[in-house]
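**Q** If you scroll down you'll find the structure; I have some questions about it.
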Amino acid sequence: MFKWGTTRKLSKEWIQFFFYLVAFLLVLLYGVFRHALHPNYLALLMGGLTGILNANGNLQMTKAFEKGPASITSTLIAMNSVVVVLATALFFPESIPMIHWLGIVIMIVSAIVVQYQPGNKTRFEYKPWLLRCTFSLVSIGSVGVLLKVAAYKQINFIDMLFFMYGGGLMFLSVLVRGEIMRLTAHKTEIKVATIVGFLSTIGFGCYLFALKTGPASIVFPIISLNCLVVMISGLFLFKERLRTYQLIGMATALLGLVLTKI
């Protein structure tokens with residue numbers, strides 16, 4: 001959806017703002033009607049920081065989509081699993097079988113392979129694109145670490161989502177304050193953001209549930225394979241062309257996923 005928005009010259013800030021607004025309202029309504037909201041300072045701190053980092057990561061990713069192909073961009077950013085796996089191995093007492101580590105390594109190597117551009121044959125702004133990808137990778141990887149800490153501290157995931165979307169919404173409201181005053185949003189941006197908001201709420205809810213019931217070193221790399229959805233969409237919807245080694249990278253990424261589930 002973010003890539004599609006960039007091809008239509010839609011405001012990435014507006015889409016992010018309304019996306020967070022919709023997600024925030026959804027979590028608020030669910031929490032109120034199910035009496036599931038129990039705010040506390042730790043949830044406020046962890047959730048707010050997670051929301052800001054996630055919003056920044058999404059913005060940087062959207063800017064990277066403007067500079068380069070979505071298929072390669074999403075796979076490179078999926079390397080944020082490296083940040084999470086290293087942090088998990090250092091700070092959390094989880095025992096990971098060797099075959100799972102092998103699967104994780106294969107997925108990481110696959111992410112490296114698909115972004116490789118030989119010589120100067122690129123048809124896009126390589127350095128700005130790679131810089132945006134790196135910023136997004138670090139931000140989203142930090143989000144993963146914070147989500148694991150929240151699960152470890154047994155923070156109610158509804159509280160976490162509430163403050164995450166609230167923190168991101170406040171961060172984005174600063175970025176679009178001028179547009180808010182002029183009310184320059186378009187219907188298309190609002191529609192796209194609404195869809196993304198629904199999908200994000202469902203996705204992060206499942207994400208946090210998985211972290212509570214499974215080891216983070218396995219959960220994060222599997223979640224990172226959402227990049228395959230973007231890669232396939234880039235091929236068929238945006239007519240992006242991949243080299244043979246990049247297609248091989250996609251195949252080996254799937255192999256890595258299988259190994260982490262054995």
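Just so you know, glycine gets a Cβ as well, placed from its N, Cα and C.
Values in this document were obtained by computation on a predicted structure and should not be read as measured data.
For reference, TrEMBL lists these features for the protein:
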DOMAIN    8-114  domain 'EamA'
TRANSMEM  14-33  transmembrane segment
TRANSMEM  71-92  transmembrane segment
TRANSMEM  98-117  transmembrane segment
TRANSMEM  129-151  transmembrane segment
DOMAIN    135-260  domain 'EamA'
TRANSMEM  157-178  transmembrane segment
TRANSMEM  190-210  transmembrane segment
TRANSMEM  216-238  transmembrane segment
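I'd like these features described in context: how deep, what's nearby, how far apart.
**A** Shown for the domain 'EamA' (8-114): DSSP residue counts in helix, strand and coil, namely 86 helix, 0 strand, 21 coil.
Long-range contacts of the transmembrane segment (129-151) within the same chain: residues 43, 46-47, 49-50, 53-54, 56-58, 60-61, 63-64, 67-68, 73, 76-77, 79-84, 87-88, 92, 115, 157, 160, 207-208, 211-212, 216, 220, each at least 6 residues beyond the stretch ends and with a Cβ under 8 Å from a Cβ of the stretch.
Residues 1-2, 4-5, 10, 14-23, 26-27, 147, 150-151, 157, 160-161, 164-165, 219, 223 of the same chain lie 6+ residues outside the transmembrane segment (190-210) yet bring a C-beta within less than 8 angstroms of a C-beta in it.
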